[in-house]
């Protein structure tokens with residue numbers, strides 16, 4: 001019985017977190033891009049592809065929109081450049097893992 005209560009509490013927390021995260025993700029520029037034509041959606045940047053020149057153009061994943069994650073790369077000449085790729089942030093990976101686990105348990 002205790003395990004069921006823990007799983008239910010975890011799922012309620014996840015659902016409330018994801019709904020608040022969805023509201024936070026809808027910034028003004030993203031809202032405008034969502035209201036634009038659907039060609040924008042077809043031209044979004046897939047997961048693991050470079051988004052250095054278009055940091056708000058990442059596609060949506062299963063539950064969340066991918067985020068443009070940037071790192072600084074130092075070449076052998078000592079030059080520093082910023083390289084970015086679309087990926088799933090760690091907190092979104094954790095949420096997807098919990099949801100997947102919940103689906104396996106509750107079918």
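The backbone N, Cα and C atoms fix where each Cβ goes, and this holds for glycine too.
Keep in mind it's a predicted model, so treat the numbers as computed, not measured.
The following features are taken from Swiss-Prot:
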SIGNAL    1-20  signal peptide
DISULFID  44-59  disulfide bond
DISULFID  51-68  disulfide bond
DISULFID  58-86  disulfide bond
DISULFID  70-84  disulfide bond
Packing count at residue 86 (disulfide bond) (other Cβ atoms within 10 Å of its Cβ): 23
Tertiary neighbours of residue 70 (disulfide bond) (same chain, Cβ under 8 Å, six or more apart): 52, 55, 82, 83, 84
Listed disulfide-bonded residues 44, 58, 86, filtered to Cα within 10 Å of residue 68 (disulfide bond): 58, 86
Tertiary neighbours of residue 44 (disulfide bond) (same chain, Cβ under 8 Å, six or more apart): 57, 58, 59, 60
Three-class DSSP secondary structure - residue 84 (disulfide bond): strand
Per-residue Cβ crowding (10 Å cut-off), top of disulfide-bonded residues 51, 59, 68, 84: 51
Cβ neighbour count within 10 Å of residue 58 (disulfide bond): 23
Rounded Cα-Cα span from residue 51 (disulfide bond) to residue 86 (disulfide bond), Å: 6
